[in-house]
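Novice: Here it is, the structure in full.
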Amino acid sequence: MSETTNTSEEKKKTPLNGRRALPPNNSNDEENEVPEMEAFGLMPRGFNPKDYLHVVDIHMFKDPHEINKQQHHTDKYYSPKLIVRRGQPFQIQIDFNRPYKPDTDQFWLEYLIGRYPQQNKGTYIPILVGDVLKPGEWGAKITHKENNSVRLSIMSSATCIVGKFRLYVAVWTPFGILRTHRNSATDTYILFNPWCQQDAVYLDDEKEREEYVLNDVGIVFHGNINEIKLRSWSYGQFEENILDACLFLMDKAELELSGRGNPIKICRVASAVINSRDDNGVIAGSWDNMYTYGVAPSAWTGSVDILLEYYSSKQPVRYGQCWVFAGVFNTFLRCLGIPARLVTNYSSAHDNNANLQLDFFLDDEGQVDTKLTKDSVWNYHCWNEAWMTRPDLPIGFGGWQVVDGTPQETSDGMYRCGPASVQAIKHGHVCFQFDAPFVYAEVNSDIVYSRREKNGTQVIEKIDTTHIGQLIVTKEVGGDGMMDITDEYKFQEGSAEERLALETAVMYGIKKQTTQDTTYKPQMDVDMDFQVQKAVLGSDFKVTISFRNKSHNYYTVTTYLSGNIVFYTGVTKNEFKKHSFSAKLEPSSSSSFDVVIKSSEYLSDLLDQASFHFFVTARIDETGKILATQKATVLEIPTLRIKTQGEMVAGKEMYVTVEFTNPLKQTLENVTLRLEGPGVLRTMKKEFRQIPANSTLTWEVKCIPKRPGLRKLIASLNCDALRHVYGELNVQIQKP
């Protein structure tokens, strides 16, 4: 293969070094020039290429209703090109200038990818026509001959590179090789194949493949453990240009083309490029409630806008938080054919020093010392699981792997996380790559409350072993309900297996601080708990603190309640409520006390997820012992109503109406509404200057649905005073 380089490329090229003969081949977008006539030597004077077999046309059977896209489950991709899955045969037809004579004519196919195609790297693939197709290996055979045409069945390797290949047909003549000219209409995308047993991402259940590969909408579970909330997310992996945008992400991450058949490598580099830290990746994270010059994380309704904006601007899209990173990552994985799901871990530990404990330091009064306390508990944290074999690990650690695109901590010097085997995390085998200790800590840490005495000794007041990783969930297969997958990550709390998994993790180097250097004398006399009343945003509510005195003594307890407005990551913005009281506890009895929280106390400072965090600490005056407990709570946020009018038929006009009533005692200003639905309408936006208190806004949109079937419309409303307002509607689009 010869090459020509144009001058603009010349500047960009990395200089050759003594170690490699060719520059790195890490762009699917770049091409080399392939000669149409490759002479073997001097050409004889009378040579006329027309005397030999000559390709007139190539048919790719690439329409959604034709055999290839139907058999390969790629008919939903909104793309005019051929898209097939690896390790499974597909058909093409070649028309020659005369009938093909197998005895004297010789032709073959060439698939090329990238700028420097090489056969040993799998980036140049010559395919001779044979008699049989071997499963999972490159090959071609003629299935039908008629007049000047031959029909070929082509098998791709079940381990081949995933990306966009260029196709050439080469014909042998005694004087040289004749090739078809470059024709982008014959470009072929090859994707992962969960339907193929030899593929590393093979998934054996058809219902699961329909959910984890082919479903283009999903559910994000958020809120907190006591108030689980859900919202829909449009993945849109089949929408126009999304496949190209996903391939561009691998170019951006500079993943060598020869590594792009390996789902482990793809997940690892993608977890870094989904966030903008250290590589100018797709989404810039922001957790500070200031979203100037960007879109608030809560306003996005799906991944398509984000990926297309990044693909065109090549600059990080502002802004995202964990569910946005996870939503876009899920689109990327499903688009390439890797089965994937979005997972939420409630009460997720962000442990800064990976010692399996979150340290909360109390002062003399028993209140939390915010200067010393560095660890935080996220109300929830979203990551992804991708399904694949792990030939790099011992048997038994394949299956679901945790991958996380949210930038929390660095791994091998970059903000990325995974793939980490869920099975390895459950059993404490955290020695197996990648980042298993960090994920293990997210779901297994203990919360330790400690206090420094006047003489400097550290006293541990309480160890809470059950608060972290209480519930891990994902959307159920084939429905919108919640599936509890906690037991895939951990054994039953307090069981022998759980203890063994912890000991294994400690053996493999997870630092678990022992309590030897500190004194820990838990008090058993009094139990304390509290409940937060469910409340709608803008209303008053109460917190009820209850004590159970199990001893035969009379006690007086001095109780502190601290109410904080927090980011969903558990980081405090400010304390809006301080309340202390003294309570008398009778022997062997229970008593409870109410504290009222008024809307005027919290409304001015509320953050976008309407999250509060309450700390209650109490000191028993008679013994000096301290009780401590904490809980997060979320207010009920009003929803959007979506309605449709007119008949809902593919290709015909219909109307969608979005309604919202402002529940606050104030006017909402600069409100943005977004509406999208894969296959029904492209994302639409509308700005409203003001919505007065208690008034209702109505927005009507006209659209022409493209695809029949059950579809979902998703809407969001966003303004500085109110975020995380969503609405959704399932619509059945009829065939025309």
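Glycine residues also receive a Cβ, built from the backbone N, Cα and C atoms like all the rest.
Automatic, uncurated: that is what TrEMBL annotation is.
Just lifted these from TrEMBL, have a look:
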REGION    1-32  region 'Disordered'
DOMAIN    314-407  domain 'Transglutaminase-like'
ACT_SITE  Cys322  active site
ACT_SITE  His381  active site
ACT_SITE  Asp404  active site
BINDING   Asn444, Asp446, Glu493, Glu498  Ca(2+) binding site
Novice: Which residue counts does DSSP yield for the domain 'Transglutaminase-like' (314-407) in the helix, strand and coil classes, in that order?
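Specialist: For that range the per-state counts are 15 helix, 41 strand, 38 coil.
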Novice: Using C-alpha atoms only, work out the spacing between Asn444 (Ca(2+) binding site) and His381 (active site) and round it to an integer in Å.
Specialist: 14
Novice: Can you tell which of the recorded positions His381, Asp446, Glu493 lies nearest to Asp404 (active site) in space, using Cα positions?
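Specialist: Minimum Cα distance from Asp404 (active site) across His381, Asp446, Glu493 lands on His381.
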Novice: Taking every protein chain shown into account, which of the recorded positions Asp404, Glu493 has the largest tally of Cβ atoms within 10 Å of its Cβ?
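Specialist: Within the set of recorded positions, the most crowded position is Asp404.
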Novice: What is the total of other Cβ atoms whose distance to the Cβ of Asn444 (Ca(2+) binding site) is within 10 Å?
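Specialist: By my count, 24.
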Novice: Identify all same-chain residues not among Asn444, Asp446, Glu493, Glu498 whose C-beta atom falls within 8 angstroms of the centroid of the Ca(2+) site's C-beta atoms; report them in sequence order.
Specialist: Thr465, Thr466, Ile468, Gly469, Lys490, Gly494, Leu502
Novice: Can you tell me the CA-to-CA distance separating Glu498 (Ca(2+) binding site) and His381 (active site), as a whole number of Å?
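Specialist: Rounded to a whole number, the Cα-Cα distance is 22 Å.
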Novice: If you measure from the Cα of Cys322 (active site), which of the recorded positions His381, Asp446, Glu493 is the nearest?
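Specialist: Comparing Cα positions, the closest of these recorded positions turns out to be His381.
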Novice: What Cα-Cα separation, expressed in whole Å, is found between His381 (active site) and Asp446 (Ca(2+) binding site)?
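Specialist: Taking the Cα atoms only, His381 (active site) lies 17 Å from Asp446 (Ca(2+) binding site).
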Novice: Measuring CB to CB from Asp446 (Ca(2+) binding site), give everything in the same chain under 8 Å that is also at least six residues away in sequence.
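Specialist: Non-local contacts for Asp446 (Ca(2+) binding site): Leu356, Gln357, Leu358, Ile463, Asp464, Thr465, Ile468.
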Novice: Taking Cys322, His381, Glu498 as the recorded positions to compare, which has the smallest set of other Cβ atoms within 10 Å?
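Specialist: Least crowded of the recorded positions Cys322, His381, Glu498, by Cβ count within 10 Å, is Glu498.
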Novice: So what pLDDT does the domain 'Transglutaminase-like' (314-407) average out to?
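Specialist: The average pLDDT of the model in the domain 'Transglutaminase-like' (314-407) works out to 91.
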